[in-house]
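Step one of this worksheet: look at the structure below.
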Amino acid sequence: MAMIDEPLYPIAILIDELKNEDIQLRLNSIRRLSTIARALGEERTRKELIPFLSENNDDDDEVLLAMAEELGVFIPYVGGVEHAHVLLPPLETLCTVEETCVRDKAVESLCRIGAQMREADLVEWFIPLVKRLAAGEWFTARVSSCGLFHIAYPSAPELLKADLRSIYGQLCQDDMPMVRRSAASNLGKFAATVEQSHLKSDIMSIFEDLTQDDQDSVRLLAVEGCAALGKLLEPQDCVAHILPVIVNFSQDKSWRVRYMVANQLYELCEAVGPEPTRSDLVPAYVRLLRDNEAEVRIAAAGKVTKFCRILNPQLAIQHILPCVKELSSDSSQHVRSALASVIMGMAPVLGKEATIEQLLPIFLSLLKDEFPDVRLNIISKLDQVNQVIGIDLLSQSLLPAIVELAEDRHWRVRLAIIEYIPLLASQLGVGFFDDKLGALCMQWLEDKVFSIRDAAANNLKRLAEEFRSDWAMQHIVPQVLEKINNPHYLYRMTILHAISLLAPVMGPDITCQKLLPVVINASKDRVPNIKFNVAKVLQSLIPIVDQSVVENTVRPCLVELSEDPDVDVRYFAVQALQASDQVMMSS
């Protein structure tokens with residue numbers, strides 16, 4: 001009897017758990033659907049499990065979302081592609097629920113299933129589903145249908161294709177703005193599957209309706225359609241149909257639409273080509289850079305370098321640079337920040353002369369901006385300017401500002417400067433570095449912020465690698481070791497960290513002669529945190545120094561620390577001793 005009842009058991013549990021009041025049990029049950037389907041076998045999954053799921057009217061969105069996701073990968077459990085259509089009814093129901101994320105997931109799963117279905121099955125099952133949803137009484141069904149047309153259309157016979165195009169056109173004129181929004185955002189995907197002959201007639205008229213919609217939320221999605229359709233049309237059609245729309249959108253009464261144009265402008269330029277960009281889109285872009293809404297200026301400022309690359313330097317200097325100058329003193333700090341993050345990229349586009357004359361003053365004003373993010377964005381891209389104007393000019397004009405920022409009150413600005421130092425050092429060379437930046441690097445080891453001290457220690461290691469160990473022996477090691485007697489234990493810990501980073505670069509001789517004695521001495525410190533950090537540093541030095549040094553100097557110190565009253569010191573000392581044993585055994 002038990003043998004006969006066994007296959008019924010999973011479905012009975014599933015039914016019980018799916019009706020349970022506890023949402024977690026219902027969720028777990030849905031997430032185990034594939035296991036249950038395997039236990040039932042393909043036929044019973046098709047005949048019992050899927051119909052049960054179709055009827056399951058759970059009211060919790062989390063359960064429905066999990067179900068929509070599971071069904072998307074369910075084809076193997078219902079007997080493969082030839083039976084894929086049985087998964088459509090439960091997903092069709094989920095396409096009509098109120099919660100957006102459930103509908104989106106159901107549409108995604110339907111697309112995944114539709115992409116694997118055979119052509120005949122698509123015509124028989126999938127296309128009628130799309131048409132049912134598109135004619136749905138409730139707007140949620142119509143919203144979901146828009147995301148399925150690009151899967152249904154390629155397999156449809158000619159008559160059905162015309163039908164689908166006409167239905168999509170109706171959805172674009174639906175009474176509900178949500179439906180029109182969905183139609184606008186999916187238009188690019190649908191258009192990509194439509195034949196070239198119908199693209200100009202049907203799709204372009206649909207698109208033109210959307211661009212004149214009275215809801216700005218629909219128009220701003222039509223902006224994305226401009227870029228998508230522009231890539232599908234011939235260049236001359238693109239100029240005739242898409243370009244006027246972009247120009248109109250750049251003057252739209254809604255700032256959200258203008259913001260979308262500013263955000264997508266580079267893609268739109270690629271769609272219409274270089275000539276129309278120069279004649280029609282440059283004035284539109286200049287308007288956006290001078291827009292009265294800060295959000296639009298932010299989006300436009302962020303694209304300034306990309307846009308300049310499309311133009312020749314002359315046009316960029318003539319039209320874009322005056323706007324950039326205005327933006328560098330914009331009343332909104334976020335506009336200045338967006339500009340600062342990309343303005344350095346303009347240097348290679350404009351060339352040496354224009355950069356020195358026009359851009360350098362703007363860089364300097366942004367480097368002295370009161371808002372830390374603006375200064376940060378400039379610092380992080382300095383190397384792009386150096387490639388154009390050369391190190392001499394950079395050091396004369398920008399270095400004083402950099403040195404000033406090294407003591408900035410905002411620690412993130414100081415951190416950005418530290419991370420830039422090795423690059424600056426490699427470009428400036430040893431002599432210049434010693435004069436201007438050497439003292440700064442030591443100063444950061446005693447910063448109040450841990451992240452700065454940590455970065456300063458890493459910075460010393462990178463400098464030692466850049467300028468070699470002889471230079472480091474003269475200019476880094478003595479100054480670092482001096483600081484081990486700092487009265488504050490946190491600064492002494494930073495020095496230990498710096499020693500552990502410098503040792504591999506300096507090599508075994510200098511480590512044994514100069515660095516190791518300082519570490520051994522620090523093991524007598526009165527603060528336990530220093531002592532267990534000594535144990536960690538000694539462990540990192542074991543592979544670097546000779547075996548005899550480990551035996552005679554390192555191990556005795558670790559043995560002493562392993563008997564320390566503090567439990568953490570003992571723990572790290574024992575760890576280091578074990579590491580030393582392993583090194584000895586392997587050698």
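Including glycine, each Cβ sits where the backbone N, Cα and C put it.
Taken straight from TrEMBL:
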REPEAT    10-48  repeat 'HEAT'
REPEAT    164-202  repeat 'HEAT'
REPEAT    203-241  repeat 'HEAT'
REPEAT    242-280  repeat 'HEAT'
REPEAT    281-319  repeat 'HEAT'
REPEAT    320-358  repeat 'HEAT'
REPEAT    359-397  repeat 'HEAT'
REPEAT    398-436  repeat 'HEAT'
REPEAT    476-514  repeat 'HEAT'
REPEAT    515-553  repeat 'HEAT'
REPEAT    554-587  repeat 'HEAT'
Mean per-residue pLDDT computed across the repeat 'HEAT' (281-319): 83
Tally of DSSP helical, extended and coil residues in the repeat 'HEAT' (164-202): 30 helix, 0 strand, 9 coil
Intrachain residues whose Cβ lies under 8 Å of the repeat 'HEAT' (515-553), provided they are six or more past its termini: 477, 481, 484, 489, 492-493, 495-497, 499-500, 502-504, 506-508, 560-561, 564, 566, 568-569, 571-573, 575-576, 579-580, 583-584, 587
Residues of the repeat 'HEAT' (515-553) by DSSP state, where helix covers H, G and I: 29 helix, 0 strand, 10 coil
